[in-house]
Amino acid sequence: MSQRRTLIAGNWKMNGQKADGLALAKGVAEKLAGAKPNCDLLVCPPTTLVGLVAEAVKGSGLHVGGQDCHAKVSGAHTGDSSAAALADLGCTYVIVGHSERRTDHAESDAVVKAKAEAAIAAGLVAIVCIGETLAQRDAGQTIEVNRSQLVGSLPAGATAANTVIAYEPVWAIGTGRVATPAQAQEVHAAIRAELVKALGAEAAGAMRILYGGSMKPDNAKELLALPDVDGGLIGGASLKVADFWAIAESC
Ligand code: PEP
């Protein structure tokens with residue numbers, strides 16, 4: 001049996017305002033009060049809702065995370081949020097290097113690494129996202145692209161307790177096109193092999209690697225059963241209590 005506890009993480013992206021965000025988070029927390037799925041559950045609301053959601057679900061066992069943080073602790077960075085400020089609001093995780101941030105904000109591996117290090121310094125678990133585009137997959141570069149992003153983005157001092165890797169093929173995010181189990185397992189195994197080189201067998205064996213990209217209730221079970229898939233980073237399907245819960249119950 002895997003020593004890794006499955007993590008199901010919802011990335012709400014830029015969706016939700018007070019009323020629907022609270023209803024969603026409370027809905028998941030209520031489910032959690034009635035049944036304990038075989039996984040850790042995390043929701044990552046937009047920064048505007050993080051404090052409200054964290055207060056609302058306090059003590060429920062539902063984790064709350066940010067979707068991004070700045071690499072610096074404080075200073076002249078208009079519009080950004082520090083990892084320490086997210087922790088202060090009740091976050092225990094933060095996503096860094098999501099492909100939408102890499103694309104929309106031109107975030108390089110070096111920036112993602114610095115953000116992950118800031119997250120860890122603030123006591124958060126960093127969820128470090130990597131993944132290839134369709135053009136890169138079609139060009140046969142999938143393993144090399146993910147290897148290079150992983151090596152470039154992995155925070156110094158990464159351990160299984162402070163870092164989670166999320167493999168998210170860009171062509172599968174929000175498209176309804178999901179990686180096949182064979183495609184997902186191939187990349188996850190390659191990521192773990194690279195982690196062995198970087199961190200040693202023990203840390204690599206204990207580190208969680210999530211799959212993200214159109215994971216839904218009807219494909220979650222098959223993906224989550226793969227030997228090197230230790231959970232999911234869920235976008236669209238995390239916006240409905242029933243769908244998110246159905247994925248949690250697939251663990
Ligand atoms: C994501 O945003 O990380 C994601 C995987 O989105 P979706 O599940 O909608 O593809």
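The backbone N, Cα and C atoms fix where each Cβ goes, glycine too.
Residues annotated as substrate binding site in TrEMBL: N11, W12, K13, G174, S214, G235, G236. Residues or ranges marked as active site, electrophile by TrEMBL: H98. Taken from TrEMBL, the feature domain 'PI-PLC Y-box' applies to 134-221. Residues or ranges marked as active site, proton acceptor in TrEMBL: E168.
A map of TrEMBL features onto the structure.
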| residue | record | contacts (Cβ under 8 Å, 6+ apart) |
| --- | --- | --- |
| N11 | substrate binding site | C44, Q67, I95, H98, G212, L233, I234, G235, S238 |
| W12 | substrate binding site | G21, L24, V43, C44, P45, P46, L49, Q67, S238, L239 |
| K13 | substrate binding site | P46, Q67, E100, G235 |
| E168 | active site, proton acceptor | H98, S99, C129, I130, G131, Y211, G212, G213, L233 |
| G174 | substrate binding site | S214, G235, G236 |
Margin query: Name them in sequence order: residues not among N11, W12, K13, G174, S214, G235, G236 whose Cβ is within 8 Å of the mean position of the Cβ atoms defining the substrate site.
Written below: I173, I234, A237, S238, L239
Check: What is the pLDDT of the domain 'PI-PLC Y-box' (134-221) when averaged and given as a whole number?
Finding: 97
Next item on the list: Mind checking which of G235, G236 has the fewest other CB atoms within 10 A of its CB? They're the binding-site residues.
Entry: G236
Next item on the list: Would you please pick out, from the recorded positions H98, S214, the one with the fewest other Cβ atoms within 10 Å of its Cβ?
Entry: S214
Item checked: Conformational class of G236 (substrate binding site) under the three-state DSSP mapping -> helix
Checklist line | Local backbone state of E168 (active site, proton acceptor), from DSSP in three classes | finding: coil
Notebook entry, point to check: According to DSSP, which of helix, strand or coil covers N11 (substrate binding site)?
Noted result: strand
Check: Hey, what's the widest CA-to-CA gap across N11, W12, K13, G174, S214, G235, G236, the substrate contacts in the record, in Å?
Finding: 14
